[in-house]
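Since the structure comes first, as structure tokens, the remarks are kept for the end.
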Amino acid sequence: MYSLIRPLLMRMDAERSHEFSLAWMDRLARLGLGRLLCGHRLPDMPRRVMGLTFANPVGLAAGLDKNGEHLEALGHVGFGFIEVGTVTPRPQPGNPEPRLFRLPAHEAIINRMGFNNQGVDALVQRLRVTRYQGVLGVNIGKNKDTPTERATDDYLSCLQKVYPYADYVAVNVSSPNTPGLRDLQGGELLEALLGRLTHLRGVLAREYGRYVPLVVKIAPDMDEAQRAHFCQQVLRYGIDGVAATNTTLSRDGVEDDPLAREQGGLSGAPLRPRAQAVLEELGQRLGHRVPLIGVGGIMSGADAQARMAAGADLLQIYSGFIYRGPLLLEELLKAVAPEH
């Protein structure tokens, strides 16, 4: 069904197209036609990672359902897990429009959304009543007007509020669209953030009687020394997983596109080699001590196989889902099935 409406979606403004697609999916789900959102029957491929059981290893990355408004509809697609957010302590509108650009010739997207979301309290209200039964990740960040030196307070506030409802929490310190955010990926700022988050997680685990894993999502634009320090701190503080990678500021592979001059993070096919290389390095540095989530530029079954070979335990898609729809999920799962 996605192939029938894709030409229309590609002619629409990118942000309106995403909104229309989600509304259309919601309507099908409400009418009891959610089965139409999935391709053929998907293989049963349960995975045990971070103490959680995933129906299959391919999930939806954060960014598509920022406020947890579409979980039931997206749940029909067949993802092994869904990550909502990024959510911040207070609502914020994000950056001015236009802020989302498709580069179809390159199967790429440039976004400078800026963590537009309704705030963590609105998300929690929805998570309390959701009928979605799969593994749920919540991606948390800081408000734009929060000074970098106080950013940790924003993450702690979000963690405390989403903890009872999240199966895991993803800490977003790598979006290029919030000033100063990437400073949190290294040095004393990273150490303070991870130290305080893991301490609070321990307190909350005792309070609620359940352990919620922490995943940190990193940028593809760090240098080797920064990645080495990051891995040291991940091991030091017992972080449960690393998602590699977020979008890139590089324009490698799209230099000839008129939209390449737009500010923001680049995702999709051009991100593939950079995200693959970072994942391979993390796999070597962390070994099997920390689970890895491969994300960024996964557009085909071959891409999925390459990420798994590099050490990924799980995969996430976003741009590939925008361009290929649910059929991509089917292709990825077939590619990483045990018989392959």
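These residue numbers are counts, starting from 1, taken along the chain as shown.
The backbone N, Cα and C atoms fix where each Cβ goes, glycine too.
Quantities reported herein were computed from a predicted structural model and do not represent experimental measurements.
Listed in Swiss-Prot for this protein:
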- S175: active site, nucleophile (ACT_SITE)
- A62, G63, L64, D65, K66, T86, N139, N172, K217, T245, G268, G297, Y318, S319: FMN binding site (BINDING)
- K66, N111, R112, M113, G114, F115, N172, N177, N246, T247: substrate binding site (BINDING)
Legend entry - DSSP three-state assignment (helix, strand or coil) for the residue listed as 'active site, nucleophile': coil
Legend entry - Which listed residue (G114, G268) has most other Cβ within 10 Å, given these are binding-site residues: G268
Legend entry - Spatial neighbours of K217 (FMN binding site) that are distant in sequence (at least 6 apart) but have CB under 8 A: A62, N139, A170, V171, N172, V173, S174, V242, A243, A244, T245, N246, V295
Inset, instruction - List only the single closest residue to K66 (FMN binding site), chosen from the recorded positions R112, G114, S175 by CA-CA distance. - result: G114
Inset, instruction - Sort out the sequence-distant neighbours of the residue listed as 'active site, nucleophile' for me: same chain, 6+ apart, CB within less than 8 Å of its CB, listed by position. - result: T86, F115, G141, L181, R182, N246, T247, G265
Inset, instruction - Express the distance between the Cα positions of G114 (substrate binding site) and Y318 (FMN binding site) as a whole number of Å. - result: 17
Legend entry - Neighbours of K66, N111, R112, M113, G114, F115, N172, N177, N246, T247 excl. site residues, C-beta within 8 Å of centre, substrate: G63, T86, G94, S175, P176, T178, G264, G265
Inset, instruction - Round to the nearest Å and give the CA-to-CA distance linking L64 (FMN binding site) with R112 (substrate binding site). - result: 14
Legend entry - CB contacts for Y318 (FMN binding site) [other CB atoms within 10 A, all chains]: 21
Inset, instruction - Give me the Cα-Cα distance between G268 (FMN binding site) and R112 (substrate binding site), rounded to a whole Å. - result: 15
Inset, instruction - Give me the non-local Cβ neighbours of R112 (substrate binding site): same chain, 6+ apart in sequence, Cβ-Cβ under 8 Å, ordered along the sequence. - result: N95, R99, L100, N177, E262, Q263, G264, G265
Legend entry - Entry from the binding-site residues list A62, L64 having the most other CB atoms no farther than 10 A: A62
